[in-house]
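As recorded in TrEMBL:
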DOMAIN    22-475  domain 'Major facilitator superfamily (MFS) profile'
TRANSMEM  20-47  transmembrane segment
TRANSMEM  59-79  transmembrane segment
TRANSMEM  88-105  transmembrane segment
TRANSMEM  111-134  transmembrane segment
TRANSMEM  146-167  transmembrane segment
TRANSMEM  173-194  transmembrane segment
TRANSMEM  288-307  transmembrane segment
TRANSMEM  337-355  transmembrane segment
TRANSMEM  362-380  transmembrane segment
TRANSMEM  386-409  transmembrane segment
TRANSMEM  421-440  transmembrane segment
TRANSMEM  452-472  transmembrane segment
Amino acid sequence: METYTTDDALTAMGFGKFQALVLVYAGTGWLADSMELMLLSFVGPLIRQQWNVSAQHESLLSSIVFTGMLIGSCSWGYISDKYGRRTALLFSIILTTGAGFLSALSPNYTFLLVFRFLVGLGVGGTHVFSSWFLEFVPTKNRGTWMIVFSVFWTIGTILEASLAWVVLSRLSWRWLLAFTALPCFLLLLLFIIAPESPRYLCVQNRLSDATVVLERMAKANKVALPHGVLTYHKETRLVGLDQNPISQNGHLPVRENDCTADNAMSSKSGGIEALRILFSRKFVRSTLLIWFVWFANAFAYYGLVLLSSQLSDANRRCTSGQKSEVREKNVNLYKDVFITSLAEFPGLVISAIIVDWLGRKATMWILLFACCAFLGPLAVHQKESLTTALLFGARACGMGSSTVLCLYAPEVYPTSARSTGVGIASAIGRIGGIICPIIAVGMLRSCHQMEAILVFELVLGIAGVACILFPMETKGREMK
């Protein structure tokens, strides 16, 4: 009897209408999450002014969101691998939407902290969108489509900066919180159309359900599936890890007769077995290096977002000793954040051009070292126009590096451990997000600009070396 695999089916169908719809849905999820995070650049100063909280409490508002994201990243990764991508997406969307709207109604600072923590918990499921989307994409040009997917994040940052510019000049920060939660609410309304990943269904031995999804895809793309019956092989099986040899491509071979109902047992212990895969001899080096690079990328990216709103003001305050007028400060804040957010587009274009040419590893370390080069001159006070230009270049390189990392990490791990692996790495990144407000806000407000920039330089430089040390290149490699 003729058989075919999920990869055979996706290759035969190519990237068509069905994948485009998945791209839009998953991309909207990233757009919504980027808006929630960009919100931190605008709300903190306004909360400090309205409720008269200290600078430490202002930075805590950012850190508490990343704390929620740290916990959420691990949790949603485990839920996604054990109960399915759709289940993880549904509950993370519900939590982000509900807590987002409740944040707008916060009666005091304490309630706002609680609700923003819950938003962070929901936003921690962001990585599931990328893993889910990539599992519908054929191997060919997967790097390019991941770059296209990342454009939604950039659109979200620019949309939030534009929204803040318009809303905060006429209404209060509460309206900005409410408007920011609307895209996630839209995802909730359209959730019924989101399919389960056929790769996940195959790993769970739900071949008939996977076939139904592939048939829907073929119908939407107006192509035929390969002849034969869908089968599942060349995949990591979660049961009996220690008894099975590891194949040359880094995955555990599975015999045809292994794909039986006993996969239900693997589902129950999926989290523990997925961790064993991550720390197996084949993957432990990749896992530890990915953790640090993800930490560095998150530290740099969110730090750059906060630097855009803090550095120019610090230059003026620390050199003149005078505070700018509030209105002028707000206008400069929106302008600087908007301009530096636009930098993400050239960053995506550059990474799209070189990611399938030079490969994932080289693209990441080149962009990380370039980011260091742009940040270097900011160790001393610069003119506002030069500061914005240097942050523009650093933001472009940081976005490009983060995007390629989001492509590289899911390609390293097998389907059975993919969401757990990426989720834990994302959680490690959130630690960077928790720490960066202390550097970007705390040190700059105390006029320690050189020390703050040197910390960013050190973290990014070590991350660049870590990328060189990655043990495998995943360009053109099938997702198993």
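In case you wondered, yes, glycine gets a Cβ from its N, Cα and C as well.
Bear in mind that TrEMBL entries carry predicted annotations, made automatically and left uncurated.
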Cβ-Cβ under 8 Å with the transmembrane segment (421-440): same-chain residues at least 6 beyond its ends: 59-60, 62-63, 65-67, 69-78, 80, 120, 124, 126-128, 130-131, 274, 277-278, 283, 287, 290-292, 294-300, 302-303, 306-307, 310, 409-410, 412-413, 452, 455-456, 459
Segment-segment contact (the transmembrane segment (362-380); the transmembrane segment (173-194)) at 3 or more Cβ pairs under 8 Å: no
Within-chain partners of the transmembrane segment (20-47) [C-beta distance under 8 Å, separation at least 6 from its ends]: 53, 58-59, 61-62, 65, 89, 93, 96, 100, 109, 112, 119, 123, 126, 129-130, 132-133, 136, 145, 148-157, 159-161, 163-164, 168, 173, 176-177, 180-181, 183-184, 186-187, 190, 193-195, 220, 302, 305-306, 308-309, 333-334, 337, 341, 441
Highest-contact recorded stretch vs the transmembrane segment (59-79), from 111-134, 173-194, 288-307, 386-409, 452-472, CB pairs under 8 Å: 111-134
Two-stretch contact, the transmembrane segment (146-167) and the transmembrane segment (386-409), at least three Cβ pairs under 8 Å: yes
Outside the transmembrane segment (111-134), six or more residues from its ends: residues with CB under 8 Å to it: 22-23, 26-27, 29-30, 33, 36-37, 47, 60-61, 64-77, 80, 85, 88-89, 91-100, 102-103, 142, 146, 149, 197, 406-407, 410-411, 418-419, 422-423, 426-427, 430, 479
Long-range neighbours of the transmembrane segment (288-307), counting only residues six or more past its ends (CB under 8 A): 37-38, 40-41, 62, 66, 157, 337, 340, 364, 368, 371, 378, 391, 394-395, 398-399, 401-402, 405, 408-409, 412, 421, 424-426, 428-433, 435-437, 439-441, 444, 456, 459-460, 462-463, 466-467, 469-471
PLDDT averaged over the residues of the domain 'Major facilitator superfamily (MFS) profile' (22-475): 79
